[in-house]
Amino acid sequence: MPGLLESCERHFGTSDLYKVLGVRKEAGEGEIRRGYHRVSLKVHPDRVQDGEKETATAEFQILGKVYAVLSDKEQRALYDEQGIVDEETDTLSQDRNWEEYWRLLFKKITVEDIKAYEEKYKGSEEEKNDIISAYMDFEGDLDGIMESVPCADFEDEPRIRQIIQKAIKSKEIPSYDTFVKETKKKREQRKKRAHEEAKEAEEMKKEMGLGDDNDDLKALIQKRQNDRKKEMDGFFDQLEAKYCSNSKKAPSKSKAPKRGKK
């Protein structure tokens, strides 16, 4: 039976555990958890077509093991120092139910959770830190920033721009041409996409006969998720990964190192 590193190479094209999860080698606990959640959603057996389930199940199990290694201080230290994984540990050698393990980490959230969080989050220091981190991650690409920052919609763009401009002026972050010289055409394309998504949501509400109460909103979100199985980095999923794990964590106060566009 192939080892974890060999399995990663076979299924994900790399034996680098950090690359498998799409995170930095210096990543903290929260970033590793988010990376695991993001990638595992793409291959979750419940979210793929029947013909893909066997492969997805294998990859889902591999991702669980990768996360188990990187979230364990001793195992991670061994991997970082020697580039090997101890296959004999209980975590990797036991026949664990990885789907159950996954659900323990990422509990479901409600519409009320989303609304309450959004009210608390927007305008907070945490939001500012996330905006600055996204700016660094995407080297000023506002498309990536707007998709990355939780709760951000097109109406928030002027406010987000001001936060970034202020940070640039104070030399807290570098000035990327991608941001400061963004073309009018690109801004208009982003605006158009936002309007199309809003229109689509409104039309879907009418087709389904939905109102504006919480149950109707929840039904709409669930239907849109089912219709977009391949879109795994949406707002709802980001929120689950970042803020609704069983283990509470404090927001990072540090800026994310420059990683380039994703």
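FYI, residue positions are counted from 1 along the chain as it appears here.
Cβ from N, Cα, C; glycine included.
Where the annotation comes from TrEMBL, it is an automatic prediction and has not been curated.
What you are looking at is a predicted structure, and each value in this text was computed from that prediction instead of being measured.
Within the set 23-50, 107-134, the record from TrEMBL flags 107-134 under the feature coiled coil. The domain 'J' (16-83): residue composition by secondary structure is 54 helix, 0 strand, 14 coil, according to DSSP.
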